[in-house]
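Asks: Here's the feature list from Swiss-Prot:
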type	residues	note
ACT_SITE	Asp116	active site, proton donor
BINDING	Lys22, Asn23	phosphoenolpyruvate binding site
BINDING	Arg92, Arg121, Pro122, Ile123, Asp124, Gln125, Asp307, Ile330	UDP-N-acetyl-alpha-D-glucosamine binding site
Amino acid sequence: MKQMIIHGGKPLKGDVWIGGAKNSTVALIPASILSRTPVTLEGVPRIADVDNLMDLLSEMDVKCDFHETTLRINPDNIKRSPLPAGKIKSLRASYYFMGALLGRFGKAVVGFPGGDDIGPRPIDQHIKGFEALGATVENKNDQIIITAPKTGLRGAKIHLKMPSVGATMNIIMASVMAKGQTIIENAAKEPEIIDLATFLNNMGAVIRGAGTEVIRIEGVEELKAQTPHTIIPDRIEAGTYVALAACIGNGIRIHNIIEEHLDSYLAKVEEMGVVIDADEDSLYVYPAGDLKMIQVRTDVYPGFATDLQQPITPLLLTAKSGEGVVIDQIYPKRVGHIPELQKMGANIQVEDNIILVHPTHHLHGAHVSAGEIRAGACLMLAGLMADGETIISNAGNILRGYDRIEQKLRQLGAEVSVIDV
């Protein structure tokens, strides 16, 4: 197990560069096996999830070469093999192999997916999509077995009951080489969907409407990667550093961002009174003055991202007066970080899955646990604000989602280390 040790209370300043989007990367890597030629991904974040996905690729005899931020994937000798449940359970996003394997081989056998414990995240919409394309889906011995008919997958009209990012991506990957046209209605509109579609289109796919609620896919015979693909910047990492800069920054510039991907989040941060200057691809966050409380309500994109409700919580604690309210409409039970913040002296409560935040003028270090990625980010920010030493157990969860986090925090002046225990 990894621990993050933070000696907090020190103002941070300087520059930080945002890595490639985790939520794109964990789909693009499985999608690479759809190509008949080697794939090059640029701007790949150095996160544990990437290492885990490369391990899964090695199970299929797919060669990977990861140098700095460039990942080369060679599927020339790929073999169709079941993916082990143990590794799948440690990485929820590995469910993207369902769509990729089904699209490439007409069959996928994967262990039940795992990942962060933030409440129910059923894959029923993924299965509904696969079945609409003609596949059969079975659950056997902790495995999901998805099989295309002998005549191959056929395009279909698929209406999602909610705009699920995972289901949208999986259906795109499964249908990109299906016969005929596939239409996804009520599709997710996140930037990462557009990134996946761009990647596949550059390999010869025909995908239109990504980023809107209706996506149309015309099946093609095969896909071949021709040019490197640069992954979009991580809007969740960027939003986390915006909160950090406002909480305890003494002037921080955040590079490699796409501002429009953060519109809803930045509007809320600025509503609190944080002053931000935006350039073409960077943000400068000024030291915060007196801030006011706000209400945050998460929603599907382009609304306030559920992955940013926890990182913004320490910033709410710094407000001078009033009561802040956080309502997560996407994952209402995403409140596991609240008892941990209370250990640090935070005046914060949960009532019926609604988070109530009150001004807290002093946080103290404590021994806390990161139950999942974004809860870990929240506790990390609180630890940087707090006086004394904070020890975050299960810090591996933070490393799953944040590119070179220890190095980046140190460059801003933080006293932080990650150790194995």
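The backbone N, Cα and C atoms fix where each Cβ goes, glycine too.
Describe the structural context of each listed feature in the structure shown, including burial, neighbouring residues and relevant distances.
Replies: When Cβ atoms from all protein chains are considered, those within 10 Å of Asn23 (phosphoenolpyruvate binding site) total 25, not counting its own.
Of all Cβ atoms in the shown protein chains, 20 besides its own fall within 10 Å of the Cβ of Ile123 (UDP-N-acetyl-alpha-D-glucosamine binding site). In three-state terms derived from DSSP, Ile123 (UDP-N-acetyl-alpha-D-glucosamine binding site) belongs to neither a helical nor a strand segment and is classed as coil.
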Asks: Taking the Cα atoms as reference points, how far is Asn23 (phosphoenolpyruvate binding site) from Gln125 (UDP-N-acetyl-alpha-D-glucosamine binding site) in Å?
Replies: 18
Asks: Going by DSSP, give the three-state secondary structure for Asn23 (phosphoenolpyruvate binding site).
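Replies: Note: Asn23 (phosphoenolpyruvate binding site) is helical by DSSP.
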Asks: I'd like the Cβ neighbour count for Ile330 (UDP-N-acetyl-alpha-D-glucosamine binding site), meaning other Cβ atoms within 10 Å of its Cβ, all protein chains included.
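Replies: Looking across every protein chain shown, the total is 18.
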Asks: Other than its own, how many Cβ atoms are within 10 Å of the Cβ belonging to Gln125 (UDP-N-acetyl-alpha-D-glucosamine binding site)?
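Replies: For Gln125 (UDP-N-acetyl-alpha-D-glucosamine binding site), the 10 Å Cβ neighbour count is 21.
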Asks: According to DSSP, which of helix, strand or coil covers Ile330 (UDP-N-acetyl-alpha-D-glucosamine binding site)?
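Replies: Going by the DSSP assignment, Ile330 (UDP-N-acetyl-alpha-D-glucosamine binding site) belongs to neither helix nor strand, so it counts as coil.
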Asks: Quick one, of the binding-site residues Asp124, Asp307, which Cβ has the fewest other Cβ within 10 Å?
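Replies: Checked Asp124, Asp307; of these binding-site residues, fewest Cβ neighbours within 10 Å: Asp124.
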